[in-house]
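Per Swiss-Prot, these features apply:
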- 22-195: domain 'EngB-type G' (DOMAIN)
- 30-37, 57-61, 75-78, 142-145, 174-176: GTP binding site (BINDING)
- S37, T59: Mg(2+) binding site (BINDING)
Amino acid sequence: MKIINSDLEKIAFLIEQYPDESLPEIAFCGRSNVGKSSFINSILDRKNLARTSSKPGKTRTVNFYNANNEFRLVDLPGYGYAQTSKSEKKKWAQVIETYLNNRRNLYEVFLIVDIRHKPTVQDKEMYNWIIQSGFCGFVIATKLDKIGKTMIKKNLNIIKKELNIDDDNLIYEYSSTSKTNKKAVMEQLEMILKYGSGIEE
């Protein structure tokens, strides 16, 4: 699958602001500053399409990225930023929940984690929701270029243990800088789009 054209189709805070459901969507969730926007940029081959920041909490809206006018990648607000007020955290959580619970054209939800760190309680809760909702449970372990090669297997095993992942095919170590494993991820996205949602009807 080759993405020729892509753009930021919609920025939404409320459900009324979402684009129509004519295209399949694949959503990406994860804690703040985990590298979701950089991952989406690398997948779409667009350096600055998804806004990135070294400061956590940059993505506060649901951002819809149109690819080839055939499907959308959806960047959900990051969760778990410690310096955010309780009311703000609740607001972000509601934005995420509203999207995930109401989108009929949602084909799959990926959890994005930082390969350098053990998944948080919120990561586990999010992953459990993904599985319980009938999705496959794919995980992207980003920032691969930030650790030594000898640590990769060890860190992946920690992530798999914490999230109770038994199938190695569900987790991809990934570098948005070198685009390591981009081909494998693109093939997986193509399979999802071809065969539809992981949800059992």
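Cβ from N, Cα, C; glycine included.
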Quiz item: Across all protein chains in the structure, which of the binding-site residues G30, P77 has the highest Cβ count within 10 Å?
Solution: G30
Quiz item: Averaged over the domain 'EngB-type G' (22-195), what pLDDT does the prediction give?
Solution: 89
Exercise. Determine the most Cβ-crowded residue among the binding-site residues N33, S37, T61, using a 10 Å radius around each Cβ and all protein chains in the structure.
Key: S37
Exercise. Within 10 Å of each Cβ, count the other Cβ atoms, then let me know which of the binding-site residues K36, K143 comes out lowest.
Key: K143
Exercise. Identify, in sequence order, the residues in the chain of Y174 (GTP binding site) that are 6 or more apart from it along the sequence and have a CB within less than 8 Å of its CB; answer 'none' if there are none.
Key: F39, I140, A141, T142, L144, T180, N181, K182, V185
Quiz item: Does DSSP give Y174 (GTP binding site) helix, strand or coil?
Solution: coil
Quiz prompt | Pairwise CA distance, G30 (GTP binding site) versus S37 (Mg(2+) binding site), rounded so that it is a whole Å | solution = 11
Quiz item: How big is the Cα-to-Cα gap, in Å, between T61 (GTP binding site) and S37 (Mg(2+) binding site)?
Solution: 12
Quiz item: Can you tell me how far the Cα of K143 (GTP binding site) sits from the Cα of S37 (Mg(2+) binding site), in Å?
Solution: 12
Practice problem: Between the Cα atoms of P77 (GTP binding site) and S37 (Mg(2+) binding site), find the distance and write it as a whole number of Å. | Solution: 10
